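J.: I'd like to ask you about the structure that follows.
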Amino acid sequence: MNIIVSWGWLTYAPVASHASAYYGVSESAINWLSTAFFLSFVVISPLNIAVLHRSLKLSLVIAAVLIIIGNWVRYAGSTSRNGGIFACAMVGEILLGLAQPFILAAPTRYSDLWFTNRGRVTATALMSLANPLGAALGQLINPFWVSTSGDVSPMVLYVSIISTACCVPAAFLPAKPPTPVGPASETPKLSLRDSIPALKSLELWLILIPYFVYVGFFNSISTLLSQMMTPYGFTNDEAGIGGAILIVVGLVSAAVSSPILDRTKKFLLGVRILVPMIALSYLASSGCPRRAPSRGPTSSSPSSAPHPSPSCPSPSSTSSSSATPSARRSPPPSPGPAASCSAPSSSSSATPSSPARTPPRPGT
């Protein structure tokens, strides 16, 4: 379910241009679907903490119900290939956002019940990494499903079917193992009220603040990557592959580092090494090109042709007027602003249509 809820989050972002055309809204409105997803996460988190302290299975069942309802509400507004109801997509995305905390926070509780100290970190990492794996699947698969705006409807249907199939087994999961796996699983946990004083810990905030910032960066790039790459000539498929690479590399790195940290318990050293690497990576991304390439040769566009000054006559009008008798009797132009028209006027006065005055012969 961690895979499915993340896939639901990035249903529309990899194909934002087609989704905006399908629902008849701007791409900014499509971006608000992701924003609504995360705002829902924040709103429901306190209730999720209370439910998870009470029962792991109850938390999983609530998440499964919200995921199923949210996906089918989205499809209810996307049944036609000719256009969809954006309000249904927004409501469905909010329901998915409400479901995510109940499943995203479950891995630590699940590994505490079902695994010993030796494999608890690895189990938690694998279950937690299922969330970015779902984002990678959404980035990679959805652009291949959608080639026109009409393909958004079947894409939403496919995601809804897969989500339902993955969420139904949550009702049959056991609440806890038949026998305790170790002393840690039987140790009484602090209540929610007793956990509040931990917020006064400076060390806790030194971990939380970088985590908040980097998760926000990752979610923003995952949401906007397609819109960031397509102006530079990349297709939605190529942007989706780029997003999948971004996530898969992180999954591989976590799969390698988690067992090492699980054995050595050097968690703080890992944070001190990896956080500066992430910061340097974001700084390096600022060197990417900032101006989109031109769509075609500028000389072919009508706007690229030079326009004459409003106060200056065009060369054609000057040459045509110089052929009339009144133009020959007109006084020379006075100096001033009209001097900027000297080049066109000189060229027009040299045309054959303007006869030159010859000096009188001597004795005539």
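Every residue gets a Cβ built from N, Cα and C, even glycine.
OK, TrEMBL features for this one:
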{"type": "TRANSMEM", "residues": "29-51", "note": "transmembrane segment"}
{"type": "TRANSMEM", "residues": "58-77", "note": "transmembrane segment"}
{"type": "TRANSMEM", "residues": "83-104", "note": "transmembrane segment"}
{"type": "TRANSMEM", "residues": "125-146", "note": "transmembrane segment"}
{"type": "TRANSMEM", "residues": "152-173", "note": "transmembrane segment"}
{"type": "TRANSMEM", "residues": "202-221", "note": "transmembrane segment"}
{"type": "TRANSMEM", "residues": "241-260", "note": "transmembrane segment"}
{"type": "TRANSMEM", "residues": "267-285", "note": "transmembrane segment"}
{"type": "REGION", "residues": "290-364", "note": "region 'Disordered'"}
{"type": "COMPBIAS", "residues": "290-304", "note": "compositional bias 'Low complexity'"}
{"type": "COMPBIAS", "residues": "314-329", "note": "compositional bias 'Low complexity'"}
{"type": "COMPBIAS", "residues": "337-356", "note": "compositional bias 'Low complexity'"}
J.: Looking only at the recorded stretches 58-77, 83-104, 241-260, 267-285, which one has the largest tally of CB-CB distances under 8 Å to the transmembrane segment (152-173)?
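T.: Result: 58-77.
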J.: Given pairs 6 or more apart, does the transmembrane segment (267-285) have at least three Cβ pairs under 8 Å with the transmembrane segment (58-77)?
T.: no
J.: With the transmembrane segment (58-77) as the reference, find which of 83-104, 125-146, 202-221, 241-260 contributes the most Cβ pairs under 8 Å.
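T.: Answer is 83-104, with the largest number of Cβ pairs below 8 Å.
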J.: Between the stretches 29-51, 83-104, 202-221, 241-260, which one has more Cβ pairs under 8 Å with the transmembrane segment (125-146) than any other?
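T.: Per the Cβ under 8 Å count, 241-260.
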